[in-house]
Structures are given as structure tokens and as C-alpha cells.
């Protein structure tokens, strides 16, 4: 009888209340099937590192690995051919945030974001000034361009700069490259949505919860491919790209940052969990909220509360019907890739 009871207890722990996935601490959860990032974060915890250390090292692993070409150097060139990086890290105990956006010539964006917390009274540094700060902090000044990013850029130029992010300009941005000038008469046609390769995942977002329930979160990305130089998406924005609060939980988002950042999905999900909402339901609610305004958006959210229960949700569109994410907890001997059906 004892083995049966033990099996039932494990099953209940895995399922959790209201269908929530297993509650056990510590917990590492991150967007997409970025296994090495999960392993690195978990190993950092096991070696005595803090939750913030685990987020920095985990996301930093993706920067080194150039995960899917959408994190780190050598990917997602902007429309001038340059790769720039965005990242943030958040301490759920102190509510401190460090972030960088439009970072150039420095590969370890989340490492620089951590230094913003540790060595400044600011939250977000941007552009060439963020690069200067990074160099002062001891990060090497390097070229982020690779043969791969150059070939992506060249191919785009040869396709008349399609797709791009311009509208209401001359010459017609749907048919030719710029430079563009504004149209005197502005159209508000919603039908001209840029093509987007939904398989080009654009962010690693990670939430780490320690044994005592301490929460940290972070993101790193090289942003939208062929973006207009200077563009900043959701990833380095607290409450949009990720959010952590050790009294409630943590969340991180991935997808179309220009749309998602308007709704602060990570902050909203954490607030739902604060009210006792199951993490899966919290994720679903923030996706549904965006759907009401932008039905065809590409995006997903991961959520975890301070007990170690977690969940995820995504918006169902053609070509994107399931979302893959990684989880590591004491209930597993190795990181597990999990899948959720989009809603």
C-alpha cells in the first residue's frame, strides 16, 4: 500500500491545485526550448549562487549560444545591418531592476544590466551611452556582426527591404527601401501588418524561485530583425519583458514586443497570482486581455508563484499553435521541455 500512497502523493504534487504544474522549490523556468540556459541557471543555484546569479548566468548562456539567432550577437540585424541588444534583470526582494536597451558592441547584455543595479542608482541605460558604461564596468568592446547577420541583411536588401516596420511613408515601404519621408495624409489602415517569421523566437525570458520563495527574473534579446534603428521592445521594460516580486511570483513574456509591451503582461500576471490565481490561469488571462485588442498577435507568457507552481499560455495564430518552454525543479533529474496548447 505504501508505494501506491507514495505514487498518489507525487501525482498530486505534479498536478497541483486547479491543474497547476508541480509545486517544488527551487524552480527554474524559461521561455522556449533553451535547455542549456535552464541547466546553467540550475547549476548556479546548486553551487550556492543566488536567484539573481542564476538568472544572469542562465540568460547569459543564451547570449553565448546565440539561441535561435534571436539572443546575443550575430543575429537580428536592424535595417542598417547592425545587431543591438536589450536585456533586463529584476530582484523580487528589493524590486530593483537593471536594464539596457539598444546596447552596441558588448555581447553580455544581461551582465551589463546586472551592473546597472550594482553600480548605479538608475534602472535603464540605452544606446552608445550604455556601451560606454559597459566598457567602464570592464566588459570588452566587440563587433556584434557575423557572417550570418551580414547574409541576413544582404538578403533583405535584395528583397527590396521586405518585410520592414515602416508605414505611412514615401516611397511605398511595402515595395521599396528608403530613405523614407512621411506622407502628408496619414492612414490608419490596420491591414498592413508586417510579415514575421514566428519561428524566429525573439527572447529568452527566465524566472528563478529559490528554496525560500525568493524570486528573480530576466530577459535577453537582440530584438526584431530589420527593426528601425533605435527601436526598443518589451524585453528590457520591467513589467513587460519580465517581472519579479518575492511576495507573489514571477513572469516573463516573449513574442511581438511592440504589441505586448503596451499591456505589461508580466506585471499583470504577477498581480493575478498575488490574488491567488493559479499560474496557468494568470498566464491565460493576460494573453486573453491582449487578444481583445490585437487578435493576431504573436506571443506567450510563463508564470510561476512562490510555492513553485508554474504555467504558461500563448496566443493561437496560424503557424503557432503550441508554445515550448523549459522547467527544472527537484521533481526532475534534468530539465524538462514542456508544451502548452495556445488559446
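Cβ atoms are placed via backbone N, Cα and C, with glycine included.
Now, the feature entries from TrEMBL:
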type	residues	note
SIGNAL	1-20	signal peptide
ACT_SITE	203	active site, nucleophile
BINDING	231, 232, 233, 234, 254, 255, 256, 257	substrate binding site
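Distribution of TrEMBL features across the structure.
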residue: 203; record: active site, nucleophile; CB count, 10 Å: 33
residue: 231; record: substrate binding site; CB count, 10 Å: 18
residue: 232; record: substrate binding site; CB count, 10 Å: 21
residue: 233; record: substrate binding site; CB count, 10 Å: 24
residue: 234; record: substrate binding site; CB count, 10 Å: 33
residue: 254; record: substrate binding site; CB count, 10 Å: 29
residue: 255; record: substrate binding site; CB count, 10 Å: 28
residue: 256; record: substrate binding site; CB count, 10 Å: 23
residue: 257; record: substrate binding site; CB count, 10 Å: 28
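Taking CA atoms as the reference points, residue 257 (substrate binding site) and residue 203 (active site, nucleophile) are 9 Å apart. Straight-line distance linking the Cα atoms of residue 233 (substrate binding site) and the residue listed as 'active site, nucleophile', rounded to a whole number, equals 10 Å. Taking the C-alpha positions, the distance from residue 232 (substrate binding site) to residue 203 (active site, nucleophile) comes to 13 Å.
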